[in-house]
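Student: Quick one: this structure, given as structure tokens, is what I'll be asking you about.
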Amino acid sequence: MEILVQKGDILEVATDLLVVGAYESELLHDPFTERLNELLGGKMTKMAKAQEFEAKLGQTLIFAAPDKMDMEYVMVVGLGELKSSVVEAARLASGTAVQMAKKMGLRKIAIEFFGEDHEEFSAKNTAEAMTEALLLADYQFNVYKKRKGVSIKEVIIVAEDGRDARSAEKGIEKGRICVDGTTVARDLVNTPGQDMTPTRLAEAAEEISRISGETVKVEIFDRAQVEKMGMGAYLAVAQGADSELKFIHLTYTPTVDYKKTVAVVGKGVTFDSGGLSLKPGSSMETMKCDMAGAATVLGLFTALGRLQPKVAVHGIIAACENMPSGRAIRPGDIVKSANGKTIEILNTDAEGRLTLADALHYAQKFEPDYLVDLATLTGAIVVGLGEEIAGVFSNDNVLSNKLVKAGEETGEDMCALPLHSAYKKLIQSEVADIQNTSTSRYGGSITAALFLSEFINSSQKWAHIDIAGPAFAERPMNSYTGLGGTGFGVRTLIRWIEEL
């Protein structure tokens, strides 16, 4: 998709679909919509009343353009209340425009630069958000399809102010980079487990390093090296599978002086059968997505080499499969983690926390100022927050708040939840230092986070993001996030890192 920005009168642009926005309180009173209604011979007013169109966020009103306008169709998209976030409204409206154009078989769109008259308007930020939504809404995973879908060919963002148009160019460039990272994550998650093995994940990391130049380096460790590092918890999960484990360490180093270092750890279980604690068949159907945390890390590094933030970043993935076999770990087994703690295995389907335990311990060797992990860790988080919101657990409220804020700014919703230390008693073992599941059926996302906290040094600022809900969409989440892998977290991490 080619995205252009130009100064001018949007009603005079030649295109297939003209898209303009309207706020709830100004639908029939805004000078622009009044002019559009006049050009349409009053049709807009009549159709709005007939279809009960009130310009609520995401509502659409579509009609054929008159002969005197150089376009086929006109769409008015609701931006919601005037006091709402102009950036998020622009993002959702842009996604809606692409979805509607594709349904109608149209290839070219001219779209209003939403919110130019809004007091909180930022040309760069709004253009970035619109670009993200336009491209993400057009995303298709067609690798395994004989018949490919149709994509939008061209979008022109029309600005009234020439200065806004110049600023928008920078926003479009930034938006493309963020989407490229998100698309990498989506593609990795959508690839089935037969192909997305730990080895393939490692190859993806190597490819990202290659195209990023000198700023991004990668190291891949095999089983023998992992054994030498004493990662008994990670090895225990991997031992049942025929696919070889791969421990991946990416490093982004700025080309200028920097003061901050962060480490981001992503859960990389490329297929989770549950192991000997085997999942029901229906619960396995989407378990190719159990490496979504790793995909987010790789998506982030896809963008870092181009954005060049002044923060050093380590990306760490303990990749493996969790499979049943005669070699597989058993309920009741006890394993020793890299930090020396022993873990009683009560359920082999609580495997992600085992791989993360050793990965988190490894990450702290590099003394990051902040350590963040992302994982499709618990079903409990989906019960509590639903399918669209990630849960954040942290030992540092400032860090947690910054991550949640970055999520708000990028349209990736997260909610801070308590790391309630009193629940640690629920994961204490009688025969080991700790057990991998709780003795209670309640608070599972909290006890999983508490398990991870056992492998965090007391001085380390750390946050765990449970992305089990929004990492994989079994129904469309919004106008720019369809079915399958969402790439959740890539844009949030970019925003958070850039603001450190």
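The backbone N, Cα and C atoms fix where each Cβ goes, glycine too.
Sharing the feature lines straight out of TrEMBL:
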BINDING   Lys267, Asp272, Asp290, Glu351  Mn(2+) 2 binding site
BINDING   Asp272, Asp349, Glu351  Mn(2+) 1 binding site
ACT_SITE  Lys279  active site
DOMAIN    347-354  domain 'Cytosol aminopeptidase'
ACT_SITE  Arg353  active site
Student: In Å, rounded, how far does the Cα of Asp272 (Mn(2+) 2 binding site) sit from the Cα of Asp349 (Mn(2+) 1 binding site)?
Tutor: 8
Student: Measure from the CA atom of Asp349 (Mn(2+) 1 binding site) to the CA atom of Asp290 (Mn(2+) 2 binding site) and give the result in Å, rounded to a whole number.
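Tutor: Checking the Cα atoms of Asp290 (Mn(2+) 2 binding site) and Asp349 (Mn(2+) 1 binding site) gives a distance of 12 Å.
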Student: Taking the domain 'Cytosol aminopeptidase' (347-354) alone, what is its mean pLDDT?
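Tutor: Taking every residue in the domain 'Cytosol aminopeptidase' (347-354) and averaging pLDDT yields 98.
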Student: Select the closest residue to Lys267 (Mn(2+) 2 binding site) from the following recorded positions, measuring between CA atoms: Lys279, Asp349, Arg353.
Tutor: Arg353
Student: Is any of the recorded positions Asp349, Glu351, Arg353 within 10 Å of Lys279 (active site) (Cα-Cα), and if so, which, in sequence order?
Tutor: Asp349
Student: Using a Cβ cut-off under 8 Å and a sequence separation of 6 or more, which residues in the same chain sit near Glu351 (Mn(2+) 2 binding site)?
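Tutor: The list for Glu351 (Mn(2+) 2 binding site) reads Val237, Val269, Asp272, Gly275, Asn322, given in order along the sequence.
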Student: What other residues of this chain sit with their CB within 8 A of the center of the CB atoms of Lys267, Asp272, Asp290, Glu351, the recorded Mn(2+) 2 site?
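Tutor: Leaving out the recorded residues gives Val237, Gly268, Val269, Met287, Met291, Asn322, Gly352, Thr355, Ala375, Thr376.
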Student: What three-state class does DSSP give Asp272 (Mn(2+) 2 binding site)?
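Tutor: In three-state terms, Asp272 (Mn(2+) 2 binding site) counts as strand.
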Student: Given the binding-site residues Asp272, Asp349, which one has the fewest other C-beta atoms within 10 angstroms of its C-beta?
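Tutor: Result for the binding-site residues Asp272, Asp349: minimum number of other Cβ atoms within 10 Å at Asp349.
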Student: Please work out which residue of Lys267, Lys279, Arg353 has the most C-beta neighbours within 10 angstroms of its C-beta, and give that one of the recorded positions.
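Tutor: Comparing the recorded positions Lys267, Lys279, Arg353, the most crowded Cβ belongs to Lys267.
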Student: For a quick check of packing: other C-beta atoms within 10 Å of the C-beta of Asp290 (Mn(2+) 2 binding site), how many?
Tutor: 28
Student: Under the DSSP assignment, what numbers of helix, strand and coil residues are found in the domain 'Cytosol aminopeptidase' (347-354)?
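Tutor: Its residues divide into 3 helix, 0 strand, 5 coil.
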